[in-house]
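Enquirer: These came from TrEMBL, pasted as-is:
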type	residues	note
REGION	1-33	region 'Disordered'
COMPBIAS	1-14	compositional bias 'Basic and acidic residues'
COMPBIAS	15-29	compositional bias 'Basic residues'
REGION	50-70	region 'Disordered'
DOMAIN	117-328	domain 'CP-type G'
REGION	202-232	region 'Disordered'
COMPBIAS	214-232	compositional bias 'Low complexity'
BINDING	Cys352, Cys356, His358, Cys365	Zn(2+) binding site
Amino acid sequence: MGRRGARDESDFRSRPSKRGSRPRTKRRPSHEDAVTAMVTGVDRGRYTLLVPDAGEPDGGRGGPGGVPSSSGTVVLAMKARELVRTRVVVGDRVDVVGDVTGEEGTLARIVRIAERSSVLRRTADDDDPYERIVVANADRLVVVTALADPPPRTGMIDRCVVAAYDAGMDVLLCLTKADLASPDELRALYEPLGVEVVVTRAAPTPESGDTRAGDSASAGTDAASARAARTGGEALTLDPASVEEVRGLLRGRTSVLVGHSGVGKSTLINALVPTAGRATGDVNDVTGRGRHTSTSAVALALPAGPEDAGPETGHDGWVIDTPGVRSFGLAHVEVAHLLHAFEDLDEAAAECPRGCTHQADAPDCALDEWVGAAPDDDTRASRALRLASFRRLLASRTGTTPREG
Ligand SMILES: Nc1nc2c(ncn2[C@@H]2O[C@H](COP(=O)(O)OP(=O)(O)OP(=O)(O)O)[C@@H](O)[C@H]2O)c(=O)[nH]1
Ligand SMILES: [Zn+2]
């Protein structure tokens with residue numbers, strides 16, 4: 001790949017493959033007694049792992065591209081010496097030896113990292129000049145965006161879509177605060193890109209639409225939560241039907257949630273995973289931004305149903321929160337790779353001149369012909385929209401991050 005890379009990043013890029021995972025190339029001590037686990041948290045050299053219960057199918061590994069079991073033993077571990085230069089991130093499947101009882105004071109040892117089916121990188125920033133992998137093996141990026149307060153920024157959403165498609169993940173755009181503004185415009189902008197859209201809102205209240213809070217003595221909890229929505233502070237209750245719609249879309253998958261501060265990501269995660277206890281912040285009145293209350297990525301097992309459905313419903317899928325992630329590095333994204341996310345465009349682009357940038361000013365780009373060759377007006381309109389959307393993504397890739405040679 002010839003990319004620059006941090007010395008401790010053995011971030012071999014791999015296209016997600018439905019077929020089996022090849023063993024890593026370098027020979028390592030075999031560690032026959034190792035068990036397989038998933039990394040659910042990383043904190044200064046200590047890794048929180050979930051070692052699936054014995055008897056889980058495929059050792060709880062879930063198979064390549066599969067979702068690992070979310071029941072098992074929580075074990076604290078460190079990396080074995082041979083892995084000092086290798087980065088281990090949330091979502092990684094690792095082999096672990098030593099004390100895996102999870103008992104207080106025990107520390108197991110990670111001896112191997114399985115090949116990753118996907119890697120999501122964040123952008124280098126002032127504190128850290130390297131792009132780093134933040135999450136491995138996730139299959140869906142959930143871009144949490146508020147419809148208002150703070151207002152949506154399409155440039156940011158575009159960059160997330162590009163990063164996800166490049167990583168081989170699909171995208172769910174979760175539009176929050178629909179009680180404050182309509183989702184129609186954003187839906188129309190992103191659905192042509194193959195982005196699934198789901199909408200959440202604060203629980204409806206008897207006085208919804210009324211900007212004055214009711215008399216506090218007579219106001220029920222709904223009114224209280226509506227007030228919290230306006231003023232910040234107390235926990236806000238989301239409309240349960242909208243939360244369950246999100247859960248349905250996350251079920252059986254490993255999803256990474258990203259979003260700017262104040263969009264309601266923590267509120268949503270707490271509704272999906274009541275034991276998560278993600279700190280929610282107030283939206284700052286001056287900046288319109290919330291405050292970041294936590295910083296490290298963590299994988300949370302997604303309960304299969306709402307809390308009151310009973311504990312025996314179990315877990316189904318993973319939700320990974322990424323509080324510290326502000327944006328994604330796109331410097332490494334190749335046009336061809338992004339194009340793969342658009343099957344129809346990819347096919348049409350086979351007729352492009354060599355080295356075509358596919359941008360609006362590209363001479364003889366076959367994608368323009370593809371639009372022109374549509375059999376009828378409706379098809380032409382939808383192709384044109386799709387091409388324009390794709391080109392918008394291309395521009396977001398080149399516009400912001402410095403590219404190397
Ligand atoms: N009106 C309305 N307010 C919401 C909704 N969801 C969350 N909020 C409020 O938005 C504010 C920010 O929510 P958080 O969940 O803390 O946002 P966050 O994205 O986790 O932000 P950080 O914690 O700063 O990362 C809080 O005051 C929430 O009560 C919603 O659907 N409607
Ligand atoms: Zn082209």
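Our numbering is plain: 1 for the first residue shown, then up by one each step along the chain.
Note that Cβ sites are derived from N, Cα and C of the backbone, with glycine treated the same way.
Automatic prediction, not curation, is the source of TrEMBL annotations.
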Enquirer: State which of the following binding-site residues has the fewest other Cβ atoms within 10 Å around its Cβ: Cys352, Cys356, His358, Cys365.
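Expert: Cys356, out of the binding-site residues Cys352, Cys356, His358, Cys365, has the fewest neighbouring Cβ atoms within 10 Å.
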Enquirer: What other residues of the same chain, not counting Cys352, Cys356, His358, Cys365, have a CB atom within 8 A of the CB centroid of the Zn(2+) site?
Expert: Ala349, Pro353, Thr357, Gln359, Ala362, Asp364, Ala366, Leu367
Enquirer: In three-state terms from DSSP, label His358 (Zn(2+) binding site) for me.
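Expert: Note: His358 (Zn(2+) binding site) is coil by DSSP, not helix or strand.
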